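Feature list (source: TrEMBL):
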ACT_SITE  LYS119  active site, N6-AMP-lysine intermediate
BINDING   ASP34, SER35, GLU36, TYR37, ASP38, SER83, LEU84, GLU117, ARG140, GLU177, LYS294, LYS318  NAD(+) binding site
BINDING   CYS412, CYS415, CYS436  Zn(2+) binding site
DOMAIN    595-674  domain 'BRCT'
Amino acid sequence: MSVKEAASRIDKLRDEINLHNQRYYVYDDPQIPDSEYDRLMRELQSLETDFPDLITPESPTQRVGGAPLEGFDSVKHRVPMLSLDNAFDAAEMNEFDRRVHDRLELTDDESIAYVAEPKLDGLAVNLRYEQGRLVLAATRGDGASGEDVTSNVRTISSVPLRLLGTGYPALLEVRGEIFMPKAGFDALNEKARKADEKTFVNPRNAAAGSLRQLDPRITATRPLAFYCYGFGEIDPAPIGETHSDSILRLRQWGLPISQELQVVQGAQGCIDYYEKIAARRDDLEYDIDGVVYKVDRLSRQKSLGFVSRAPRWAIAYKFPAQEALTEVEAIEFQVGRTGAVTPVARLKPVFVGGVTVSNATLHNMDEVERKDVRVGDTVFVRRAGDVIPEVARVLTERRPAATSKVELPANCPVCGSDVVKPEGEAVARCSGGLYCPAQRKEALKHFASRKAMDIEGLGDKLVEQLVEAELVHDPADLFGLTLEQASGLERMAEKSAQNLLAALAKSRRTTLARFLYSLGIREVGEATALGLARHFGNLDAIEAADEEMLQETPDVGPIVASHIVTFFQQLHNREVIDRLRAAGVEWEEGVPEPTHDQPLEGKTIVLTGSLSRPRGEIKAELQVLGAKVTGSVSKKTDYLVAGAEAGSKLAKAEKLGVQVLDETGLDALLAQSD
Ligand code: IVH
């Protein structure tokens, strides 16, 4: 091949690769399979190896280059990088809108258009493109000057090294956030844990740590992403009359922007948007800490101007903080249903993620060791979504003198039985079994819970009272409770006692799957219980099955099978089951199903929106039929089951051409497989 031929092929390959990058990163809508993309990259690489003179810094192959840096140079921002004012509730949002309204001297019936988008929890950067080429990437620093992190930012695949198309200004500075999506963060920490390396506390810290590597080859391995949300210097300016127009032009040039970007009207529009995003917060692929609003019309932005370090035309409406500092007052051990002994930190109460937190889980002793949490320590408490609050990190520099390491107790704090921690396992357990009141209470709570026997009104408090009054030792005792016993309990009115007995009577009619699940056999969750019920059809067959037979059930492997066998080998367990049946607990028994009937095997299904039944239940039914139920939509998804108010997942499925089912469609899918 001549140099000329090579040059022309190289140009063509680069253009093609850049376009595919845009499809993938900007529109989230890839047009070719990964393997085809890899093939293009390899062809380009091999041509560049043969013709090294044709390599340019903007070539898609040149994301990682050069040797590690000694340090980062300081860069002065041509246009300062400002911060944002905050609002913490709807009243403050209304005040913001009122201030803007008054300053712009608008009439009462004129409402202001705002651009709304999530506030990403990462780091702000300024990217400078000259003649369409990325020449500089700098961190925000103190707003006036930051650090030159160009070599690192070049490794982020969603940052174009060269702008696409035409019409971009000769000088274009865009601003945006570098962040680490949650899935990438989890994978990175998982890898670190396996390698016995330090893990990151949250995606923000991981993004910051990754961007501040002196060796870009390390940054290149980190799952970083980028979205644009603003502008620095532009020449010739402007590129649109409104912020939204200008941002949309960036997308045409290959720069990624938020998929959630929307123009909303007035304070009420802002508040509605906030609520919608807040409801979907846990489903988003990245951490956010609020919503940012900007007055859309640029002429209005200009007349509003700035106050000290923040523009008057923008505001961040923040979610309640999800991390807070507090002190560890004590570390205690709790005993769970399966005897797992869990260390728990008792904290000085602190407001985090919208609630007051005074306990945080420490998971297990390995975790305590790793974090080295001690009584008296100042710690970061983290609460994400509905997850149990946890101690994220210890501020060792604030540790008081004379603290000591936490030790695993040798005896169960509740019943005094030996605590055992098998070699290589993270979890320590009380060996007391149902002799241990703590395990008994937890087993009963589980038995009564909604997905198990669903005994209405038999909550945690009542279970504790019943066990402490020694009225109930095991689930079968529940059905022998008398009105007199129940109404004799503290704070129990006669009417409530009657209700409890009625609820117990009602719960006796159940299904085999629920009954199995309610027994609390280790590792037998809803899906496994349903699988066992369908596969064997009746309880006697399950009791009689050996490990090999059990493993013919979908979802049951050797470990689960051995837990099931062990459970039924315990005479006291069989006795409880007999007494439950004698007390009238019943279900329809059926015939066993043919083995391996998994019509949905190999199908990947995602559930979204609000559905008329608990998601866990639907998920279990689908799993039993062999389907894989996952959390996010991709090319590999076969069906998206969308309930009411489905959001971004539905949009994504439609874009990717994934088949979307409503609940009728879902029922048909389940029925057709019956
Ligand atoms: S606009 C002059 N939009 O929040 C306005 N900022 O508290 C500049 N941030 O330093 C910022 N997502 O790191 C804007 N959609 C978004 C944002 C966002 C995250 C960060 C950014 C900035 C900080 C200000």
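From the backbone N, Cα and C atoms, a Cβ is placed for every residue, glycine too.
Feature map: annotations from TrEMBL on the structure.
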{"residue": "ASP34", "record": "NAD(+) binding site", "contacts (Cβ under 8 Å, 6+ apart)": "none"}
{"residue": "GLU36", "record": "NAD(+) binding site", "contacts (Cβ under 8 Å, 6+ apart)": "none"}
{"residue": "ASP38", "record": "NAD(+) binding site", "contacts (Cβ under 8 Å, 6+ apart)": "none"}
{"residue": "LEU84", "record": "NAD(+) binding site", "contacts (Cβ under 8 Å, 6+ apart)": "VAL292, ALA310, PRO311, ALA314, ILE315, ALA316"}
{"residue": "LYS119", "record": "active site, N6-AMP-lysine intermediate", "contacts (Cβ under 8 Å, 6+ apart)": "ILE288, ASP289, GLY290, VAL291, VAL292, ALA316, LYS318"}
{"residue": "ARG140", "record": "NAD(+) binding site", "contacts (Cβ under 8 Å, 6+ apart)": "MET81, LEU123, ALA124, VAL125, ASN126, GLY146"}
{"residue": "LYS294", "record": "NAD(+) binding site", "contacts (Cβ under 8 Å, 6+ apart)": "TYR114, VAL115, GLY230, HIS243, GLN301, PRO311, TRP313, ALA314"}
{"residue": "CYS412", "record": "Zn(2+) binding site", "contacts (Cβ under 8 Å, 6+ apart)": "VAL335, VAL341, ASP418, VAL419, CYS430, SER431, GLY432, CYS436, ALA438"}
{"residue": "CYS415", "record": "Zn(2+) binding site", "contacts (Cβ under 8 Å, 6+ apart)": "VAL335, CYS430, GLY432, TYR435, CYS436, PRO437, ALA438"}
I'd like to know which of the recorded positions listed (ASP34, LEU84, LYS119, CYS415, CYS436) lie near ligand 1, counting only a CB under 6 Å away.
LEU84, LYS119
Excluding CYS412, CYS415, CYS436, please set out which residues of the same chain place their CB within 8 Å of the center of the CB atoms of the Zn(2+) site, keeping sequence order.
VAL335, GLY339, PRO413, VAL414, GLY416, SER417, CYS430, GLY432, TYR435, PRO437, ALA438, GLN439
If you pair up every Cα among ASP34, SER35, GLU36, TYR37, ASP38, SER83, LEU84, GLU117, ARG140, GLU177, LYS294, LYS318, the residues annotated as binding NAD(+), what's the maximum separation in angstrom, rounded to an integer?
43
Kindly assign GLU36 (NAD(+) binding site) to one of the three DSSP-derived states: helix, strand or coil.
helix
